[in-house]
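*Asks:* My questions all concern the structure below.
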Amino acid sequence: MAHFEEVCKQSDLHPKPAGLVLQYGTAGFRTSANKLDHIMFRMGLLATLRSKKTKATIGVMVTASHNPEEDNGVKLIDPMGEMLTSSWEDYATQLANTEQNELLKTLKDIIEKEAIDMSQEANVYVGKDTRRSSASLSQAVLDGVKALGGHCKDYGLVTTPQLHYMVCCQNTQGKYGEATVEGYYHKLSQAFSQLAKNASNRTDDQKHLSVDGANGIGAIKVREMESHLRKHMQLSVFNDGSRGKLNHQCGADFVKVQQKLPTGIKINPGDRCCSFDGDADRIVYYYTDSQGDFHLLDGDKIATLISTFLKELLNEAGLDLKIAVVQTAYANGSSTHYLENTMKVIVKCTKTGVKHLHHAAQEFDIGVYFEANGHGTVLFSDGAEEKIQQLASDTNTNDERKKAAFLLQNTINIINQTVGDAISDMLLIEAILAIKGMSVQHWDAIYSDLPNRQLKVKVSDRRVIDTTDAERRAVTPAGLQEAIDDLVKKYEKARSFVRPSGTEDVVRVYAEADTQESADALAHEVSLAVYGLAGGVGDEPKPLH
C-alpha cells in the first residue's frame, strides 16, 4: 500500500534512538524534548488509526504541562474530549518502543487486531504549548498523520483543555459548542456574564483577580479572553512569558508544593490570586494575610466551594439529583468531614489519577472531582442536564425555582466537562464568590485543613506494596498495614497510608494529624515501617525534627 511506503520514507526522517524505552502513562509521554521526535511522528500515525477506528476526530496535544521547559510530551484525546482509552495506551507504548526496522510490522499488528478499515477517512486536531521545542515536535505529529493519509487541523498555540474542547465540539456536531478558540471564549464568557449579573453591586476591588500564568500558554489565552470579561472582571496577569522561564518558580505546581507565592507577583494582603500550570489544566488559589502568612486554597477547597454552590442551587430548584464529590486518599480529612457531615454530600474515594476520578464522577447525576493539585472539573449526566433545561423553560415554575435552574444552566455552560481547565475553573470560582458575596478569606474559613506531611521511601522494588480500598490500605507486605494502624492510634485525628509510585522505585507516605508535629512524627514512623518491611534501600529515614 502506498501509505505504508510513505510511512517508511517519513519514518527515516524521524528515527528512533536505538534502545530508548518510554511508557505512555496518565500524562501521555513526557521526557526531555530531544528524545521525542520519533515519538511525535508515531503518535501522529496512532492518532490516524484511532480516528479511522472510531470514525471520529482525535486530538494530539504537544505539551509537558508543569514539567521544566527543557522537557516536552504528547497526549492523545479521544472523541468526547476524554483521555485516550487504556487499551490504546498499550499500543502507544508498543509503537513508541518498536525499533525502526519493525515499525511497519507493529503498525500492521494494530490494524489487524483492531480490524481497522484503512479506507475510512481520518481527522486529527493538533495543538501545542509555548515551549521552544513544541513547533518542530508538533510538525512531526502532522508528518505522521499525513503519512497515513489522514487530514489534520493545526490549532497552533492552545491550552490543553482548549484542544479537548475542540475535539468534543467537532464530534458532537457543534452541540457542545463551536470548535474554534473564539467559540470557546464566547461560550464561557457569555455564561460568566449571565452568572455575574446575579451578584449584588461589587466594587472594582472585588472584581479584581491576580493571575500567575506560569510563563506559559495560559497567560496568552487569558489575555486574549480578557476583552470578553471586562465588565465583570479585572485581571492582572503576572508571569506572562515575556520575561521568565516556563514553570520556573511559578505556576500551580510550584505554589502548591512550596506553599508560597510565585516569584514575579506583586500583591497586597488579602488580594485574591490564582496560579495556572504550564498547559493551563490546573489551578490553585491563595492570598496572604495581614501578618504576611501565606494561605493556599487547593483542589479540595475548590471542590468544596463548587459542590456547596451546586447543592444549594439544586435545593432551591427543587431538583432531586444525586451530587457527589470524588476524591483520592490525598484529600485532606477536614474537607471529607465537612462535605459528608455539614453539607451532606456523597463523597467517593478513588485511586490516584485523573482517569479514575473522571470515571467515578460519571456514576452520579452531578460529579465534582478535583485532585489536591488543582486539576478537576464537574460532570453533568445527560439526564441531569435535561431536567435542568426543562425546569428553566417551564412557564409554570415559580420565580425562585426558575432562577436556580437558570443559574444551573449557565454553570453547565461555563464548565469544560471534558477535562480540568484552569480558565473555565477560574471563571466558575469567580462567579460563585461574586454571587455569594464571599471574600477569599470567607471561602478559606469554610473548614481548616488538618496538618499533613508527605514523604518518599526508596525501596528495591515498589511492586512489593499492593493496596486496596482506593489505595488507603496496604495488602502486602504482610504486617505493614497492622503496623500503620498501631502508629495511627497514637495520635489525634490521625490517618496515614502508603502507595507505590507510578514512575520510580519509591513508596509514597501520607500522614495527617491534629498538629504539624504529630503529622511529621507519624509520617516518619510510617516511613520507618515501610523501610523495614518493604525492602528499603540506602539510609534509614531520618526524623524531620
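A Cβ is built for glycine as well, from the same backbone N, Cα and C atoms used for every other residue.
Dumping what TrEMBL says about this protein:
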DOMAIN    52-100  domain 'Alpha-D-phosphohexomutase alpha/beta/alpha'
ACT_SITE  SER65  active site, phosphoserine intermediate
BINDING   SER65, ASP277, ASP279, ASP281  Mg(2+) binding site
DOMAIN    119-167  domain 'Alpha-D-phosphohexomutase alpha/beta/alpha'
DOMAIN    179-284  domain 'Phosphoacetylglucosamine mutase AMG1'
DOMAIN    298-437  domain 'Phosphoacetylglucosamine mutase AMG1'
BINDING   GLU371, ALA372, ASN373, ARG499, PRO500, SER501, GLY502, THR503, ARG508  substrate binding site
DOMAIN    475-527  domain 'Alpha-D-phosphohexomutase C-terminal'
*Asks:* Could you tell me which of these binding-site residues, ASP277, GLU371, has the fewest other Cβ atoms within 10 Å of its Cβ?
*Replies:* GLU371
*Asks:* Would you please pick out, from the binding-site residues PRO500, GLY502, the one with the fewest other Cβ atoms within 10 Å of its Cβ?
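*Replies:* Taking PRO500, GLY502 as the binding-site residues, the minimal 10 Å Cβ count falls on GLY502.
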*Asks:* For SER65 (active site, phosphoserine intermediate), list the number of other Cβ atoms lying within 10 Å of its Cβ atom.
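*Replies:* Here the count is 27.
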*Asks:* What is the number of other Cβ atoms found within 10 Å of the Cβ of ARG508 (substrate binding site)?
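*Replies:* The answer is 20.
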*Asks:* Among 119-167, 179-284, 298-437, 475-527, which stretch has the most Cβ pairs under 8 Å to the domain 'Alpha-D-phosphohexomutase alpha/beta/alpha' (52-100)?
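*Replies:* Looking at each of 119-167, 179-284, 298-437, 475-527 in turn, the most contacts to the domain 'Alpha-D-phosphohexomutase alpha/beta/alpha' (52-100) are made by 119-167.
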*Asks:* What is the set of residues, excluding SER65, ASP277, ASP279, ASP281, whose C-beta falls within 8 angstroms of the centroid of the C-beta atoms at the Mg(2+) site?
*Replies:* THR63, HIS66, THR159, THR160, GLY216, GLY218, PHE276, GLY278, ALA280, ARG282, HIS375, ALA422
*Asks:* Please report the number of other Cβ atoms within 10 Å of the Cβ of ASN373 (substrate binding site).
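*Replies:* A 10 Å sphere around the Cβ of ASN373 (substrate binding site) contains 20 other Cβ atoms.
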*Asks:* Consider the recorded positions SER65, ASP279, ASP281 and say which one has the Cα lying nearest the Cα of ASN373 (substrate binding site).
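*Replies:* That would be ASP281, the closest of SER65, ASP279, ASP281 to ASN373 (substrate binding site).
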*Asks:* Cα-Cα, whole number of Å: SER65 (active site, phosphoserine intermediate) versus ASP279 (Mg(2+) binding site)?
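*Replies:* The Cα atom of SER65 (active site, phosphoserine intermediate) is 5 Å away from the Cα atom of ASP279 (Mg(2+) binding site).
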*Asks:* Find the average pLDDT over the domain 'Phosphoacetylglucosamine mutase AMG1' (179-284) in the predicted model and report it.
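*Replies:* Average per-residue pLDDT within the domain 'Phosphoacetylglucosamine mutase AMG1' (179-284): 93.
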*Asks:* Counting only residues 6+ apart in the same chain, whose Cβ is under 8 Å from the Cβ of ASP281 (Mg(2+) binding site)?
*Replies:* SER65, THR159, THR160, PRO161, HIS375, VAL419, GLY420, ASP421, ALA422
*Asks:* Between GLU371 (substrate binding site) and ASP277 (Mg(2+) binding site), find the distance joining the two CA atoms and give it rounded to the nearest Å.
*Replies:* 14
*Asks:* Per DSSP, what is the helix/strand/coil residue tally across the domain 'Phosphoacetylglucosamine mutase AMG1' (298-437)?
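*Replies:* Counting residues per DSSP class in the domain 'Phosphoacetylglucosamine mutase AMG1' (298-437), I get 80 helix, 21 strand, 39 coil.
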*Asks:* Nearest of the binding-site residues to ASP279 (Mg(2+) binding site) by CA-CA distance, picking from PRO500, GLY502, ARG508?
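*Replies:* So, of the listed binding-site residues, the one sitting closest to ASP279 (Mg(2+) binding site) is GLY502.
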*Asks:* Distance check, please: Cα of ASP277 (Mg(2+) binding site) against Cα of ARG508 (substrate binding site), rounded to an integer number of angstrom.
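*Replies:* Here the two Cα atoms lie 23 Å apart.
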